[in-house]
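According to TrEMBL, the protein has these features:
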- 57-76: transmembrane segment (TRANSMEM)
- 88-112: transmembrane segment (TRANSMEM)
- 118-137: transmembrane segment (TRANSMEM)
- 149-167: transmembrane segment (TRANSMEM)
- 207-228: transmembrane segment (TRANSMEM)
- 240-258: transmembrane segment (TRANSMEM)
- 278-299: transmembrane segment (TRANSMEM)
- 320-335: transmembrane segment (TRANSMEM)
- 341-361: transmembrane segment (TRANSMEM)
- 382-402: transmembrane segment (TRANSMEM)
- 454-474: transmembrane segment (TRANSMEM)
- 486-513: transmembrane segment (TRANSMEM)
Amino acid sequence: AVLVESLLVFSVVLSVHAVVWDRFSWCAVALAVQAFYVQFKWDRLLQLGGAVFQFRGAANSGLLPASMVIPLLGVVMRERCRAAGIVYFERFGVVVASTGMLLALFLSVLAVGITKPVPTNTCILTGIAGSVIIYTMKHSLTVSEVIEVLEVLLIFVYLSMILLYLLPRCFTPGEALLVLGGVSFVLNQLIKRSLNVIEGRGDPIDFFLLVAVVGVVLLGLFFTVLFLFMDSGTWISSMFFHMMTAVLGLGVIMPWLYRLIQRNPLFWLLQFLFQTQTRLYLLVYWTFLAASACGVVFYQNAKRSSESKKHQASTITRKYFHFIVVATYVPGLIYDRQLLYVAAVLCLAVFIFLEYVRYFRIKPFGQTLRHLLSLFLDERDSGPLILTHIYLLLGMSLPVWLFPRSCAPKGTLPGAGALVPYSGVLAVGVGDTIASVFGSTMGEIKWPGTKKTFEGTMTAIFAQIIAVALILIFDSSVNLNSSYAWILASVSLVSLLEAYTTQIDNLLLPLYLQIMLMA
């Protein structure tokens with residue numbers, strides 16, 4: 001299974017390399033080769049319990065698929081913005097690619113360093129790949145860009161040491177690279193933009209995303225350290241939690257956002273949300289869907305309490321939420337992507353805040369949330385945090401957040417790139433959902449080395465092709481320019497990756513589909 005997963009990732013890397021064909025795509029190929037070898041060292045460390053931190057069990061390290069995501073995103077973003085003639089974002093793509101490669105190399109060197117006896121061949125390969133990448137960075141980055149890349153690496157190192165110690169068994173090494181690498185990059189971007197505020201420059205919704213992500217992460221770090229020294233389940237601790245959340249929100253996050261957008265954040269947000277009648281209709285519709293999702297949770301818990309035996313939500317029941325999320329995102333993508341962007345940021349902040357309330361048992365809702373959500377746990381929620389619903393939201397939202405709007409004439413990319421914002425809907429909302437439902441109910445032929453079925457994967461590919469046809473009918477901004485073969489190949493590769501990967505597919509699959517469609 002690991003070998004097939006690696007083969008699929010190599011197929012994506014070589015596809016991007018064939019399209020781009022520059023020094024950075026060559027570096028991506030070199031990085032993939034060395035990550036393939038180092039991945040087996042990480043897997044051995046996880047099996048022997050010598051991986052320094054406690055990582056999520058029942059999964060391989062996932063180093064290769066995770067190592068390639070950020071570099072490939074940077075490479076394809078650079079190529080798209082170069083074609084559009086936007087120099088600033090072309091350089092931004094170079095920084096993203098370089099940062100991703102350096103973070104992946106750091107994890108590789110860490111694995112090689114703690115493996116005993118020292119693997120000579122892997123060391124040589126890592127050294128060669130590292131030399132190629134550093135040589136390319138030396139001749140491609142300016143001094144300020146080198147400093148920026150090193151800043152992200154420094155933040156990543158410290159953030160990893162803190163969070164992996166405080167949150168054991170929540171991530172595999174690959175998932176830690178993706179999540180903590182992304183948070184480190186966002187934090188560095190926020191610091192950089194805060195120190196260089198130019199009035200009128202920058203989109204307020206981008207600043208809103210940066211401040212929201214950094215704000216909830218800092219809030220979690222603060223309370224995690226605080227509750228090491230006091231019991232979080234008492235009423236006094238709960239009152240202190242709510243009071244300090246208000247203080248940090250109104251005293252730190254709001255002024256920070258005010259400095260960046262140069263206006264009152266609350267007034268800006270209210271004006272933005274209710275700017276048009278379409279937005280009002282969408283908000284009412286989304287409120288109805290949110291109430292429906294809550295109804296599913298309460299109904300399933302009522303079923304559990306009425307049955308004598310232990311009741312756990314089935315795979316099909318968990319996929320109800322995938323259908324609700326698809327119904328949420330598709331109208332937003334068609335009618336108002338900016339509103340969807342901001343609404344997804346607000347949802348992410350609310351989800352993470354509620355997870356803090358559940359994890360710390362904050363009164364009055366902490367224990368209730370623990371009871372309600374325990375029904376929907378699966379083998380991937382082996383750590384103290386429940387992250388699968390947050391990963392689902394991230395998988396659907398990241399293609400919207402990472403879409404290079406400044407490099408897209410008329411708000412859309414040509415050819416298959418027009419489907420980039422729909423990557424989450426196609427890969428997770430349609431593909432993963434249909435594969436799980438049909439595979440678990442009608443699947444008989446299993447892929448070698450996995451529990452996934454051939455029928456589920458084929459049905460997922462077919463369903464995504466139908467979804468693309470429906471998008472073409474209902475979204476007039478999408479024009480594929482006869483790039484149907486590339487779309488079919490992209491959907492097929494990502495669906496096969498879903499069958500073989502043991503990483504969090506809600507997070508990984510949309511990013512790989514976005515990379516293929518942008519290429």
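Including glycine, each Cβ sits where the backbone N, Cα and C put it.
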#### Entry: Touch test for the transmembrane segment (149-167) and the transmembrane segment (278-299), at least 3 Cβ pairs under 8 Å
no
### Query
By a Cβ-Cβ criterion of under 8 Å, what residues six or more beyond either terminus of the transmembrane segment (118-137) are in contact with it?
23-24, 26-27, 30-31, 33-34, 37-38, 41, 98, 101-102, 105, 108-109, 112, 146, 149
### Message
If we skip the immediate neighbours and take only residues 6+ beyond the ends of the transmembrane segment (207-228), which ones have a Cβ under 8 Å from one of its Cβ atoms?
### Response
162-163, 166, 183, 186-187, 189-190, 193, 237, 241, 244-245, 248-249, 252-253, 256-257, 260-261, 265, 269, 341-342, 345-346, 348-349, 352-353, 356, 360, 401
### Query
What stretch in 57-76, 240-258, 341-361, 382-402, 486-513 has the biggest tally of Cβ pairs under 8 Å against the transmembrane segment (320-335)?
382-402
#### Entry: Stretch among 240-258, 341-361, 382-402, 486-513 sharing the most Cβ pairs under 8 Å with the transmembrane segment (57-76)
486-513
### Query
Which bits of the chain, at least 6 residues beyond where the transmembrane segment (486-513) starts or stops, bring a Cβ under 8 A of a Cβ in it?
1, 4-5, 8-9, 11-12, 15, 58-60, 62, 65-66, 69, 73, 172, 174-175, 178-179, 380, 387-388, 391-392, 394-396, 398-399, 415-416, 419, 423-424, 426-428, 431-432, 435, 447, 449-450, 452, 456-457, 460-461, 464-465, 468, 480
